[in-house]
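Record features (TrEMBL):
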type	residues	note
ACT_SITE	ASP161	active site
ACT_SITE	GLU230	active site, proton acceptor
BINDING	HIS159, ASP196, ASP259	Zn(2+) 2 binding site
BINDING	ASP196, GLU231, HIS540	Zn(2+) 1 binding site
DOMAIN	278-429	domain 'Peptidase M20 dimerisation'
Amino acid sequence: MRSEYERISVPKNNWLDLKKTVLLGIGTLAIGAAVWKPSTNLEAPFVFQKGARCGKIDAVVPEFNKSIEIIFKDPDFRQESLGKFSGALQISTEIQDTNPPPDEDLDYYSQFFKFHAYLVETFPLVHKHLKLEKVNHVGLLYTWQGSDDSLKPMMLTAHQDVVPVNPNTVSDWTFPPYSGHYDNTTDFVWGRGSVDCKNLLIGELEAIEQLLRDGFEPTRSVIVALGFDEESSGILGARHLGEFLYERYGDNGIYSIVDEGGGVMPIGENTFAATPITGEKGYVDVEITIHGVGGHSSAPPDHTTIGVAANLINSIESNPFAPTFTTDNPFYGLLTCVAEHGNLIPDSIKKAILEAPSDSEQRRKMIDFISGTRSLRELLRTSQAIDIINGGVKANALPEVTSFLMNHRIDINSSVNKTVERDVELVKEFAQQFHFGVFFAGKELIAPTELGFIEIEAKKGLEPAPLSPVTNSPVWDLFAGTIQNVFENGHFKEKPETELYVTQALITGNTDTKYYWRLTENIYRFMAMVMSEDTMRTIHSVNEHISMSGHLSTIAFIYEYIVNVNEKS
């Protein structure tokens, strides 16, 4: 194969869920550094210039600030907030991989309607003062009308649905998955959806409820869009919401969008990085079908179609996509903060990260390190995973057809077409070795042989998300400055020795924001809470939980961000 598709040697670790990759990956930087060996032991000491790439953002302090101290410190507010959050977690809003359209089966969504009723009861001021529209029956669209219609609305979003709890694991939970239990010895709230993402949903509504209670009147309209099937690609929820909003506001008609995403994580002693996600990888499924010779299994060919598929899969997995590096990759922003301010990695890797843009040797050293850290490597390359395979119906019958489905998460420097073209070239090379024909998208590329042919079909595809601007962007500066203020002067106020740096990051999966790209370039995927590795490991799994202090931080951030956008933009 060509050099850009050369094999990358990586350690064998357990695969991590897409939503955990960035956060857990930072925790494994130190582990990867311990495994990685430099090519020489004669490395010169490296002098770090603090803040050269990851400087501290100026805090943006709102003038209207009636409740921040209350949100963080008032025990009555905390108890009331806990009750609201816990109650939301006690309502199961599970969604499956395949779901009926609401207009064909409203009863299927009965739990969501129960959840809607709970929101009406729990947030009376929101439902008194904001306009509520239902989109595709189950999606919720709130509009808090501002006084100046000439200003683009700001948009908050989250999803109502949660991944199902496996019935076989219920007994493994420390507290029942839909109990919304609060453990005051740990400050944890337990329950499915506590992190993903009823924390954000309830936090958004509670912040608005408190602003209404405080008498705040927005100049710029505030939109809250709540999908209901994000965990199954958002086709019924956010897609309809996106179309509805686009028809109303048009291209670039929204000021900014905040959705689920990164959080605040420790990178060193008393040092934290806030990691809003400013980009998402793309997505494409490629189905490959081997058509071959049938007949009785007592007289088989050298390779049945299943055998051919197995060899082809081996060839694909032996040729992963090579990593790419550009300083535009949001992940590099996080790496520079870890290098300049953290203690997770040795100086040799810090030097490699910071000198990578201008030094090819250091760039290769950095890429080798990341490629050897399983939870990080896919942030620099297109991934490939064989997820489904079908072939054969009987033990004594040769399978005429075997197919498998390969999923790619596409590197931000690539595209759907480039990814599929790589697959086609690889299959063509393989087919020539095994004397098979090749068809792609119905077009003959290599003529079929007596053994058969291989058919390639690109199915569901999504380009990498446009990167949200962070340089020379007043919108980003205000967003990041709000984070700086909420944590520096709020969450960490009692710990003045704590340092916080706001950077950007990348995720390997996709959020509901994929349906909102046309509305604004300013999309920030961020849940304003300190995230521990322990908490992140429970997303989509047993014992999902979040700290109540983290939930209060989310409320405080949304409160301040709404105010800052109205006061300072």
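Yeah, the Cβs are placed from backbone N, Cα and C, and that goes for glycine too.
Checking each of the recorded positions (HIS159, ASP161, ASP259) against GLU231 (Zn(2+) 1 binding site), the C-alpha distance stays within 10 Å for HIS159, ASP161.
The residues near the Zn(2+) 2 site, meaning same-chain residues not in HIS159, ASP196, ASP259 whose C-beta sits within 8 angstroms of the mean position of the site's C-beta atoms, are THR157, ALA158, CYS197, LEU200, LEU201, GLY227, GLU230, GLU260, THR511, ASP512, in sequence order. Counting in whole angstrom, the residue listed as 'active site, proton acceptor' lies 10 from ASP196 (Zn(2+) 2 binding site) by their C-alpha atoms. The shortest Cα-Cα distance between HIS540 (Zn(2+) 1 binding site) and any of the binding-site residues HIS159, ASP196, ASP259 is the one to ASP196. The two recorded residues, ASP259 (Zn(2+) 2 binding site) and the residue listed as 'active site', show a Cα separation of 14 Å. In three-state terms derived from DSSP, ASP259 (Zn(2+) 2 binding site) belongs to an extended strand segment. The highest number of surrounding Cβ atoms within 10 Å, among the binding-site residues HIS159, HIS540, is found at HIS159.
The DSSP secondary structure for HIS159 (Zn(2+) 2 binding site) is strand.
Annotation for the recorded positions ASP161, ASP196, GLU230, GLU231, ASP259: lowest Cβ count within 10 Å of the residue's own Cβ, GLU231. Cα of ASP196 (Zn(2+) 2 binding site) to Cα of the residue listed as 'active site': a span of 9 Å. Secondary structure from DSSP puts ASP196 (Zn(2+) 2 binding site) in coil. DSSP assigns GLU231 (Zn(2+) 1 binding site) to a helix in the three-state reduction.
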